[in-house]
Structure formats: structure tokens, C-alpha cells
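Sequence annotations record features per position, and here TrEMBL assigns domain 'DYW' to 588-680. Residues or ranges marked as repeat 'PPR' by TrEMBL: 116-151, 179-209, 210-244, 272-306, 342-372, 373-407.
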Amino acid sequence: MYYQLHFRSKICSFPFFSFLSCKPHNCISYISFSQIPDDNPDLQIFPSLPSELVSPSNVITQSKFSRNGHFPYKTKHSELPETNDVVLSNKKITSYIRCGDLDSALRVFESMKVKTVITWNSILAGFSRKPGYIEEARQLFDKIPEPNVVSYNTMLACYMRNSDIQASRNFFDQMPVKDVASWNTMISGFSQNGLMAEAEELFRAMPVRNEVTWNAMVAGYVESGELESALELFKEAPVKGVIARTAIVTGYMRSGNVEMAEKMFREMQERSMVTWNTMISGYIENGRAEDGMKLFKKMMASVVKANDSTLSSLLLGCSNLSALKLGKQVHQHVMKSPLYLDMTVGTSLISMYSKCGVLEDAWKLFLEMPRKDVVTWNAMISGYAQHGESKKALRLFDEMRSKGIKPDWITFVGVLSACNHAGFVNHGIQYFEQMQNNYRIKPKPDHYTCMVDLLGRAGKLNEAVDLITKMHFKPHISLFGALLGACRIHRNLEVAEFAAKNLLRLEPTNAAGYVQLANVYAAKNHWEGVSIVRKSMKENKVIKTPGYSWMEVGRVIHEFRSGDRLHPDLESIHMKLKDLEKKMKVAGYVPDLDSSLHDVAEEQKAQLLLWHSEKLAIAFGLIKLPPGMPIRIFKNLRVCGDCHQATKVISAIENREIIVRDTTRFHHFKNGVCSCGDYW
């Protein structure tokens, strides 16, 4: 919707864009104008013009318009008698549009014999708010008898909202009159789409700038990863308000410069909810979850109260860091606040528990939620898929459809992942076809990655390659990474070299590509090939990502690296591993020497395998955690074959459940068996 606005401060606004909205990642983005609260001190909503001020030039007859020349409904004139009360009708239109009820607004619009420019602008704003209605909006705009600058700005915002950048620029250039809002709409749109060169060109040409202009530029540079440019412009800005300062805090946090972010935060006399959210999520994303929780508690004691985005950000951080205890603290806070019924927060809790390895609690929350949207169902389906509960994931997908909830592309990523983790090749192919034929969803890179991985790990390497060649867009890195992983399982050197060549052509410094190819060579005892790969890595200055695992004990996150020499409890860990090694051999365990890439003696290989990071973590967990408590471990790389086999044996001889999350899925080890069925 669009209102005529009177600005009591230097801050101005423009149709449908305002800066810095909280999202789960607390990134800088834009919110619709309808989300601006009515009590905003910088905005006064003018009432509609009195009927006596309406000039004859504003009077027109009712018209119908749409792609086929008609409104998408039939007006019931008996229910809505024609009226000349312009003020009342304008208010009705505004009210309907604010509620998102465009059909009712249009019925009032059609019933009016007299229409002012405010009437037209309000309906135009209603179309502008809806993505995909750009043609209808333009048809309506062309029918406005005397469009004013508000009309032009609303149509301009519509083009930007639909990401039609070129049409926006053409329309802007043809506008007979431009105000500061017109320029801001263009600059904000360019910034939002990462076109900072174009934004700067307009910024320098703009006759009069206001705080919104500077905010858009600073925020745009931060979003584009150009922190230095943002800082230079920030220094130049005549007014350094909360929005620009929050953008700089965001930039510092993203670059890992937590100290400078803290300094900026401390210096801010005014802090918005987004400022607090940015700091909290920044702490968590930089591995300082405890600091994030402390700041969250300070926020609760301030005048600024947490919203769903605050809690979602905290829970997202808990998910990424696998910080279960911190996540439970957030959950406890949610239960004491009015947000305990919020669907977004509930969905974030489901995702947090799933990613922290507590699927039972995620399912319990899912059942208790009074309202569920497609995102909620997606979170639970993906949770089941990630934990290897593929049949449950697919049953839940069927239940979702039976309740009339239409799946989206993310739903099918979860469904295909479920098929992938269980080796349901035929089911996966069927769902991939249903997605396109029944739901008209075009496959995205994630869908193709799932399918290539599914086909490849099932040994259908030629079919996987064929699928890649038939894609409607250029292959991406993860596709060839999935194909390489499958080649290691099936020791197919020819396809592995094809996949590695394409992967490294796209990203020459991708360490995973070299390592995966080296793995295939090592599995075939082709040590000369391993040597060539290592030489190539050295020449290209590629650094292999070291494998490490971490676990939470008490309130402390303990990290272990393969061959660790730094952990304070290393001596007792090694003693426990030696004891475990003896018991494992009695139970029939034989080290999988193919999992070692080092061309050394077998005895040394076995020793290197024994000191892999997840084995160190398991030994530490057995020492520190009470009997019966599950050991939860998280790893930054895929679990190797030897660690997978060893963990199965340890779970049996120690009578302990061990849960390991690697880069692809969860493994639940219990009584000598893994939930993945040795298919991962």
C-alpha cells in the first residue's frame, strides 16, 4: 500500500523499502512498507483528501484491467453499492491492502464513481506488493489520469520488487519528475542486487541526498563484501545513524573482526533490535556462543525486547555450532515468553534439535506445534533425512501432501536426501520426475547434487555423468564433488579423473577435489597418482582442510584434531585408546588401511588411524561423560571408513550410544550397528 507521508525528521522513506530487517541470519535486507509500525515517530499518515478537494480531472469511469483485460473475480455490486464517499472508500481500500486482501480492495475500487489520485495510488501499491503482478501494475499505472510523483515512485518500486533492474532503470530515466524517494528507490534496488557500481553512479549524480541514501550505500557495500568501501563512505556520511552503524557492525562480524564490532557497538548511543541481533548472531557465527548468550541476556534487560528473529538467530547459531545446552537455554526462554506459539521460533527449535542430534525432541516439538507451514514440515522432513530415518521422512512427506500443504523446492531437497541416504534409487528418480511434472518445480543445483550422489553411490556412475551433461545450466562444484565421492566408493579411476578435472577447472584451489582424487588413487594403491596430486596441490598453493571433531562437555566445547598434540587431557585419551584398541581387536576389528593416504608401513598407518579426531573425541567422551549418557560428536569432514567401523565396535564393547554428525548426515551407533546401514 502507499500513503502520502510527512517527514518530521530528515529521514525519508519510499514505497516498499526500508532498511535493516531481522532475518534468521541477521543480514541486512529490506522490508515492505506495510511493516513500518503505525507509531513510527518519523512518519505521519495523512488522511485521504476531503471530497470537496477532488477536482473534475480526477473523476473517471470505472475500468477493468489484467493480463486478459479483466479483474480475476466477479464483482457483486449488490453487496457493494456504488458510493461517492471518496474518503471512506479510500480508507476501505487502504485497510484491505494493509491486510493483504487485494480482491476486496479492487471491489471497492470498481464501485467508486469518483476516484482521486490517492485511490489509484493505493490500488497500484496493492499490485506492487504482490510479486509477479508487474503487468497488472503497469496496466493500472497507464490508466491513471494524472499520475503524480507518488504514482511514479510506486511503479518504480514495483519494477524493483520484481527484480526487473533494466526496466527499473528505463522507467526511472523516463520519469518526468523525480524526488529524493525516486533516487533512493533506485540506489536501494541496485544495492540490494549487488550492483554497487551502478548504485554509486546514481549516488554521485543525485542532486540531494538524505540519511536513507547514505544508509543504502553503506549497507549495500557491506552486503557485497566491500567493507573497506563501506567504511570510507561511512566516514564521509554527514549523519551516522543507527542503521549505518549497524551495517558496519555487520561488516566487521562477517570479516571476523569481532573487536571492532564490539567497539562500534559500545559507541552507539542508540541501538535498534537489529543492532542487538547482529551482535548476537555475530558472536555465535564467530565461535563465541557464550558471549552471544550473555549479550542476549543484556538485551532482555534493556528496553529493546527480543523478537522471533533474535531467537531464530540464536537457534541457528546453536545448530551450526551443535551447542545443544545453549539451544536448550534458548528453548527455556521461549517457553517463558509470548513467542512460544510463534511458528518461526518453533520451526527454528525443530531445526536446532535435529542438527544437534536430538531427533526425539524435534519430533515432540513438531507434534506440539498448533500451526505448521511448509517451512515447518521441511525442517522435520530434512531432520529425518539427515538422521537416516528415510522411511519416516517419506511418510511425513505423504502426510504433508494429504493435508493439502503444497511442497516447495526445499521440500524435495529433503525428500531426495532421504532417498539418497537410504539408497532408494528408484524412489528418488520417481520423486525427481514428480517434482517437475506434478508440481512444475524446476530442478535447482541442490536437486541435481542429490540425484548425482544417489546414482553415483548406487554404482550408476554412467547415469550420473549423463544427468550432469543434460542439465539446463552449467554444472557446479558440488556436483563433481558428489561424483568424486561416489568414485572413491566404487574405485572408478576414469570417472574420478573426469570429475576432478572439471571440479578443479571451476575452482583450482578446491582442496576437497584434490583430496578426493587422492583417495581414489590410494584405494587402488596407485601411490604415484597420490604423489602427483600432492605435487599439484603444492604448486597451486592449496592447503588441505585439517580434519577435526568437537563435542560439548558441561559448558565447554572441546576440539580435537587428527594426531592432536595440544589437548590437556591427551595422555589419558591415549591410554583409553590403547585399552580400546585391545578390546576392539578381540571383538574382531581390523584397521581399514585404505582409509590412510600415507605411503608408510602398515603399523604406522594403523597408529595414524587410531589418532583420527573422532576416535580421540570418543575416548574423551568415555572418560568424562557418565555411563549411559550418549556421546555426541561433530566432525568437519566425512567420516572415514575405518572410524565408521571402529565406532560400531566401540558402541558394542562399551555399551554406549555414539552419535556422530559429519558433513553429510548423522550416524547413530548402537550395539555395534550404525543407523546408516553402512551406506553413506
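Cβ from N, Cα, C; glycine included.
What you are looking at is a predicted structure, and each value in this text was computed from that prediction instead of being measured.
A mean pLDDT of 91 is what the model gives for the repeat 'PPR' (116-151). Residues of the same chain lying 6 or more positions beyond the ends of the repeat 'PPR' (373-407) and with a Cβ under 8 Å from any Cβ of it are 343-344, 346-347, 350-351, 353-355, 357, 359, 362-363, 366, 413-415, 417-419, 421-422, 424, 427, 435, 439, 665-668, 675-677.
When DSSP labels each residue, the repeat 'PPR' (373-407) comes out as 26 helix, 0 strand, 9 coil, counted as helix, strand and coil in that order. Distant neighbours of the repeat 'PPR' (272-306): 20-22, 25-26, 242-243, 245-246, 249-250, 252-254, 256, 258, 261-262, 265, 313-314, 316-318, 320-321, 323, 326, 329-330, 333, 337, 339, 555, 557; these residues of the same chain sit at least 6 beyond its ends, with a Cβ under 8 Å from one of its Cβ atoms.
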